[in-house]
């Protein structure tokens, strides 16, 4: 059975509770604060945090910190922003180059859609990017300081986002109204279109990364994600090349193409449909980009220069694409490919054995937690290391745990290193019993990550323990355990034999005294919680449904 918690726990959102009669405004403000906090459903949480307790700690840090108003990069609102960014910029990257093929003005419907839908969302995104945190690439730390966020955005993409926005175009159009020369206005309009397309093009790498992240959020496999991203990138490159092949001669000759131009050879003119002009240009761009012969050729100097540049870029891109694909499906993607293959084998195994749904969920949760989307043989890797490297690796793995346990922080490094080297790592899946009622426990457990629940002999749930807490320590006082411990979520613990631990602490009598004091304190706390469990608790009864009236079924007359 899955764990059903009946404890009167604190609100895990990290926000102060609202009164039951709170007004709608306060509820709306609370909801707005809630959507900017980190959420466990965000796809990046799978890499940054290994369990819910770590996510809750980050949520509390954000909600109670000085930058509570900053949008967390792993919040629900950040996902909405990323989806809006992908759709808006994908539309603009596809549509704006097509304007070069339009002899007449844009369709009124397209203008209205861009003005009231696309550019409105684009403006909102530009404002919100001044207030959304980011993950530092080197340290993997989440930055929420407003000054750092503003400085980073101003020095990276703000100029290009502003240039790609409609309001920049509005300013330039106002400036063009004061120019009487029609030819200058024509060049001015085309120049702004080049600037706008370039500004959108600068965002292509960010767009593709966001697209891949959203596919990851939808649990799309790495191979399919890579194929989609490579396909979109290649089509965008060809799209931009087609824009330059047609747009630059169009600007130079002001739609009056000479007979030697490839446009005249292809019989493209003002009467040709826009889609026909674009398809013909796209095919030509694809041929020169990939090195395939085409029926038309550029005879004019400006066209020849453009085609030579496109051919050169196409060769470089082809080499890059081949190298990247070989790297992806070669050495780089081995661990992820093995993970997906073994995950498929695990699914087939569970289906063959006809395992119940609850057990399937536990096994999948355990597998995903242990390997973190990358499969490797840890024992083989550790065995290949020297004794010193193995000890250093284990010390690094237990480093955060040592910081959280107060007793360990007082010990010398030599003693702490010996204790950590004698520990063993165990992973328990959700709802797995770690210490059974009446068992004789020889080990002391330290939670590295995860959550466990402690239950007394009557089945009353007493408390939860999270990262840095210890349990099994009452075995120093009791030969037989009178409390059981079960994992609430996938939990990683470090264990050490209690006799071995006492041997290491013999030269440090203060540490031994602290250990026994902690055992007595934990036993008193559990006894007090067990006594309180007998007292009537309206909230617990409401949660368990004991005080709710069962609705009676009334027969309706027909």
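Using the three backbone atoms N, Cα and C, a Cβ is placed for every residue, glycine included.
Annotated features, as they stand in TrEMBL:
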| type | residues | note |
| --- | --- | --- |
| DOMAIN | 407-522 | domain 'Cyclic nucleotide-binding' |
| TRANSMEM | 67-93 | transmembrane segment |
| TRANSMEM | 113-132 | transmembrane segment |
| TRANSMEM | 153-171 | transmembrane segment |
| TRANSMEM | 191-211 | transmembrane segment |
| TRANSMEM | 232-254 | transmembrane segment |
| TRANSMEM | 274-293 | transmembrane segment |
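Summarised by DSSP class, the composition of the domain 'Cyclic nucleotide-binding' (407-522) is 38 helix, 37 strand, 41 coil. Counting Cβ pairs closer than 8 Å to the transmembrane segment (191-211), the top stretch among 67-93, 232-254, 274-293 is 67-93. For the domain 'Cyclic nucleotide-binding' (407-522), the mean pLDDT of the prediction comes to 86.
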